[in-house]
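Participant: Take this structure first; my questions come after.
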Amino acid sequence: MPLDMIAQSMGIPPGYFHSFGPGRAKIDPRYLGELPPPSFGKKPEPLYILVTGMTPTPLGEGKTTTSIGLSMALNRMGVRTAVSIRQPSMGPVFGIKGGGAGGGKSTIEPSEVLNLHLTGDVHAVGAAHNLLASAIDNEIHHGNRLEIDPLTVAWPRVVDLNDRPLRRVVIGLGGASNGWPRETRFDITVSSEVMAILALSTSYADLLHRLGEISFGLSRGGQLLRAGDLEVEGAMAAILREAFWPNLMETSEGTPAIVHGSPFANIAHGNSSVIGDWVGFSGMDCVVTEAGFGADLGGEKFFDIKCRTLGRGPNAAVLVATAKSLRMHGGLADTVAGRPIPDILDRSDVPSVRKGMSNLIRQILNVRRFGVPVVVAINAHPEDSPEEWKVIREMSVSAGAEAAVVCTHFRDGGEGAMELAEVVHRMARSTDGSYEPLYGTDLPVEDKIRTVAREIYGAGEVVFSARARKSLADVARYKAQDFPVCIAKTWASLSHDPARKGSPQGFSFPVEEIRFATGARFVTAIAGDIQTMPGLPSKPAYRRIRLTSGGQVEGMS
């Protein structure tokens, strides 16, 4: 279906729809200005469905594919539904995971457009972020009226690729004309605070204010310095003017797909934009959204960070699981990021699935802690056995899931998710979108971190490094007492250690560093050995990708 017709069906006024080429458009969200969020005057309130998952293998368990398949199935039922997801980063696209457009017959199209530049939002975020970095060094070079202490500058540069050697760099070499020499780092763009700000801002005014509130270092006198002190936030906001507009695409069955925001879930808050969901709420009966990685990461941050800004919670949650991931958590074979998945995990093995259910059960309980009903979506693979599915069903329901449904949306599109859609719709209609945050904003930051680590990850003791404790003493200076926390940890385990599979309990959880995202309005806790710049694997996905003589992109999955 032409995108302008899809936009019209969503109630988007013609003057706010802007085509950006074949298969992609942008929606100027300012038409929402006269309506009260989050329901925008719609009665009954639109249904809101969260799709999250168990702790995944390196290739993922199909959350995006499930989100797309579920949205298409709901539309087949007559429930006017849009799917709302993040734009993939090119880092993982060229790494081991590959693209993020879904798969099989449940995709967002054109997938190669989504997986690469789309409308340039990630590039705009990178430019805005790096403009602030340039402005900091320019201020130091030209007189330093703010008396910036170069040793305290904590604002890195970014690039949207996995590039291991950029984790620690020295800039300003070659003499005084090249700036002040100092050590810094590059992060991947989707971990940038600017990306988090884009995803959490609710208006141009909010975007501008948040950008100005970014803290980047201290003066020689110990005064906190912000982007607004450099008078750079206006230019940053100008770069992001159209990046603030949600992108509109469509699924393989013509369902509206809102694609906006790209924050990583292990090193950022891992959810699509607030404004994108609002666009969906304003014109649709239901919005299906996806949170990155497992329920312990993107799922927890969805509730404790995104929903606080969004103004509501979901009516129901879908927890995606695969027999393959359960076999891994059950000890059949280990997986290591950057390396191929062992072939043995592609063979049915009921005992390892049963043992691996400890992880899925923990994630079911994690979602239930927020007071939201959950259904398990078993993303079917050809090598799965009915006996494995029976174990997953029985143990999931015993753990508190409303149901566990086998889905074949990869093979069959929306038709393969009809049973899931019926269960989800029935569950969602029985709730009002309220939820219970894990902690109150008035809890001390240190205790917020402890609460997440103990109640969601299963940790015992939480150990703060000397560096982290020193930063915690500065909470008042950063005015961060009421901020939620965003814990950066491995996606490969419920713990901080990627080798610990299943559901580890009572472990010591190390917090190495605290960072204050004063523009995004959360406190980041770096746990264990986590990198904000990923590296490429031994067999990177870029080797498979080709451009044909006819201009078609091949090998991107």
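The backbone N, Cα and C atoms fix where each Cβ goes, glycine too.
Those TrEMBL annotations? Automatic predictions, nothing curated.
Okay, so TrEMBL annotates it like this:
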type	residues	note
BINDING	Thr57, Pro58, Leu59, Gly60, Glu61, Gly62, Lys63, Thr64	ATP binding site
Participant: Does DSSP give Gly62 (ATP binding site) helix, strand or coil?
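Facilitator: In the DSSP reduction, Gly62 (ATP binding site) maps to coil.
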Participant: Considering the binding-site residues Thr57, Thr64, which residue's Cβ sits among the greatest number of other Cβ atoms within 10 Å?
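Facilitator: Per the Cβ count within 10 Å, the most buried is Thr64.
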Participant: In DSSP terms, helix, strand or coil for Thr57 (ATP binding site)?
Facilitator: coil
Participant: Using the recorded ATP site (Thr57, Pro58, Leu59, Gly60, Glu61, Gly62, Lys63, Thr64) as reference, state which further residues of the same chain have their Cβ within 8 Å of the centre of those residues' Cβ atoms, listed in sequence order.
Facilitator: Gly53, Pro56, Lys97, Thr322, Ser325
Participant: For Pro58, Gly62, listed as binding-site residues, tell me which one has the smallest number of other Cβ atoms within 10 Å.
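Facilitator: Pro58, out of the binding-site residues Pro58, Gly62, has the fewest neighbouring Cβ atoms within 10 Å.
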Participant: So for Leu59 (ATP binding site), how many other CB atoms are inside 10 Å of its CB?
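Facilitator: Within a 10 Å radius of the Cβ of Leu59 (ATP binding site) lie 16 other Cβ atoms.
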Participant: Under 8 Å Cβ to Cβ from Glu61 (ATP binding site), same chain, six or more residues apart: give me those in sequence order, or none if nothing qualifies.
Facilitator: Gly53, Met54, Val320, Ala321, Thr322, Lys324, Ser325, Asn379
